[in-house]
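Visitor: Questions regarding the structure given below will be posed in turn.
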């Protein structure tokens, strides 16, 4: 409700305090409500608005949809990154592939065979050296060949052992971090896609639809306003001389043009300081023009609408 309307009501309450002094005190006011303004989290073109003004919605009902082709493509790319990171982590955690291990094992078996042959050759050369059938140089050459074959076996045994081990801790930690980052990116992409379908946060009455299909809504710009049930309240003004007669928790009778009988409201707020509407010079002679802003929760509004003028009465 606009401040101008409130100022007008305040003027009436301040200028005509005598009306409230004939019989039970009464105060001028109006009905006000706290609307819920529903807006998209990110800008986008509206593909479809699912509600119309004047209808009611329940919490979780779809209010409007925004185009989501970009968000869908982003999610698919993020899911692919998760798959790659997961495979890399699994590979590092389990060591080399079985095919690679088989190649190393085959090379090791060949090297072991070569080492056995070199050992036999060296043994024969050493026997022939005793009889003078071969030279010492030949024996040295065969000994070198055997040592080389033995070293090759040891090398391949070490390679096979390493291939069977998982990756080093640093590599595995880096792979885990990459996997977690990919998952977080995927979750963000999924959330952005879900945000393209906007649902009602609470039940209520659809008061205004501010856009049409095909228009571009900015981030945070309301597309739909909802009036939740039981949020109507009476805003009224109490003249300064009658301030002491009103207390928080007090129940007042409510009347208005065309209203059903028996309406009531419970005072929920009462300003601690007065206000001028319009501003005037404060003096003892004009203190009756001071008014206190007050609010009261309407009990069973029965069709009252925001902005409707009300009169609140102290029960006799």
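In case you wondered, yes, glycine gets a Cβ from its N, Cα and C as well.
TrEMBL feature annotations, pasted as is:
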- 74-188: domain 'YbhG-like alpha-helical hairpin' (DOMAIN)
Visitor: What average pLDDT is reported by the model for the domain 'YbhG-like alpha-helical hairpin' (74-188)?
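Guide: Across the residues of the domain 'YbhG-like alpha-helical hairpin' (74-188) the model's pLDDT averages 85 on the 0 to 100 scale.
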Visitor: Quick check on the domain 'YbhG-like alpha-helical hairpin' (74-188): DSSP residue counts for helix, strand, coil, in that order please.
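Guide: The domain 'YbhG-like alpha-helical hairpin' (74-188) comes out at 104 helix, 0 strand, 11 coil.
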